[in-house]
Amino acid sequence: MASAFSKLLTGRNASLLFTTLGTSALTTGYLLNRQKVSADAREQHKLFPPSADYPDLRKHNNCMAECLTPTIYAKLRNKMTPSGYTLDQCIQTGVDNPGHPFIKTVGMVAGDEESYEVFADLFDPVIKLRHNGYDPRLMKHPADLDASKITHGQFDERYVLSSRVRTGRSIRGLSLPPACSRAERREVENVAITALGGLKGDLAGRYYKLSEMTEQDQQRLIDDHFLFDKPVSPLLTCAGMARDWPDARGIWHNYDKTFLIWINEEDHTRVISMEKGGNMKRVFERFCRGLKEVERLIQERGWEFMWNERLGYILTCPSNLGTGLRAGVHVRIPKLSKDPRFSKILENLRLQKRGTGGVDTAAVADVYDISNIDRIGRSEVELVQIVIDGVNYLVDCEKKLERGQDIKVPPPLPQFGRK
């Protein structure tokens with residue numbers, strides 16, 4: 001895996017840095033700083049045994065708390081990634097936030113690509129618990145961005161108000177948001193907007209820096225579901241992802257506002273395709289086309305996305321590993337949402353519901369945000385098809401209830417194939 005330093009010393013950066021600082025000075029300064037951070041942290045830990053540092057998780061209800069044991073903690077506490085990220089930094093957000101009233105949170109984050117390897121003894125069981133039994137030690141993640149395979153992708157627009165597909169991508173060699181320095185965060189922004197400037201046709205657009213927006217402009221974009229919210233979530237702040245806000249954060253979108261990229265929120269980038277109405281097939285086609293083009297432009301400039309065959313695309317939160325994909329709709333289902341079988345129907349269809357404005361919001365006028373619950377172990381095409389088939393089933397149930405007919409709880413979807 002490429003480290004931040006090795007990436008720094010590639011391509012166009014190398015000659016400038018070597019000329020300015022000299023090879024020896026640059027190398028020595030960087031490595032000594034990393035070594036000092038690691039040595040200081042290790043010496044501090046040696047003062048107390050792991051049992052004295054073990055967090056009190058007795059009242060916690062998140063995946064990390066369920067999987068962490070004193071034995072695992074003792075094994076991993078003094079380990080560090082090459083960038084100096086520790087186990088305690090990984091789990092701090094889950095220690096500070098015991099649980100969530102509506103969803104079971106993960107309770108830990110990665111500070112860099114190497115976190116998933118160095119702390120695999122905890123990450124692997126957390127991933128298996130969160131992702132419906134997917135075992136990263138035994139399984140390989142499939143990928144498929146062929147939108148032509150999608151069927152029945154047009155919803156009844158009397159019920160479905162909008163459609164959206166999003167994912168995240170991380171730039172290899174740079175620390176993830178919980179651990180990145182200001183320089184790394186600014187480099188992510190620079191790499192992304194330089195590449196995005198190469199998009200053409202209906203994907204062409206421009207970048208808007210958060211620091212240059214007025215409060216009114218920011219809030220309007222948030223209210224219209226185009227921009228990420230302000231960093232008020234304790235899950236975000238406790239993980240260190242709100243540091244230096246709004247430095248090097250922003251949104252890029254095409255001129256139609258149907259293809260968007262968030263920069264430096266929870267992940268390096270979030271890639272989004274969205275539009276009003278129920279044409280999920282068109283939304284997914286634009287998503288696939290735009291995502292492939294963004295990756296090509298990134299690679300042309302000497303960078304690449306974090307990926308491996310076990311975990312798929314590497315992102316900050318383990319909940320988004322694999323595809324990182326969430327395909328969702330805003331759907332109005334007043335009768336079905338009040339039916340006691342609603343939650344079981346969603347569970348069997350591998351769907352989850354959120355309020356109209358997302359997590360921690362209420363459903364306004366009986367409009368719910370319905371999306372796939374899985375991210376890894378199934379391809380992008382499979383997940384979008386699951387959402388299409390599932391939402392069509394929900395709409396069919398709503399129509400039956402309107403006519404006074406009974407509805408059935410569907411059988412559970414089969415487990416993803418083991419590969």
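Each Cβ is built from the backbone N, Cα and C atoms, and glycine gets one as well.
If you look up Swiss-Prot, you'll see 1-39 marked as transit peptide.
Annotation source Swiss-Prot lists region 'Cardiolipin-binding' at 40-64.
The domain 'Phosphagen kinase N-terminal' annotation in Swiss-Prot covers 46-132 and rests on sequence analysis.
Residues or ranges marked as domain 'Phosphagen kinase C-terminal' in Swiss-Prot: 159-401.
Positions annotated as ATP binding site by Swiss-Prot: 162-166, His225, Arg270, Arg326, 354-359, Asp369. According to its DSSP assignment, Arg270 (ATP binding site) is in a strand.
Cβ neighbours within 10 Å of Tyr255 (phosphotyrosine), excluding its own Cβ and spanning all shown chains: 11. Positions annotated as phosphotyrosine by Swiss-Prot: Tyr255.
Under the heading phosphothreonine, Swiss-Prot lists Thr356, citing similarity to another entry as support.
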- prompt: What is the total of other Cβ atoms whose distance to the Cβ of Arg164 (ATP binding site) is within 10 Å?
  reply: 22
Spatial separation of Tyr255 (phosphotyrosine) from Arg270 (ATP binding site) - C-alpha basis, Å: 18
Field: Cβ neighbour count within 10 Å of Ser162 (ATP binding site)
entry: 19
- prompt: About how far apart, in whole Å, are the alpha carbons (Cα) of Arg164 (ATP binding site) and Tyr255 (phosphotyrosine)?
  reply: 17
Query: Reported as an integer number of Å, what is the Cα distance between Ser162 (ATP binding site) and Tyr255 (phosphotyrosine)?
result: 18
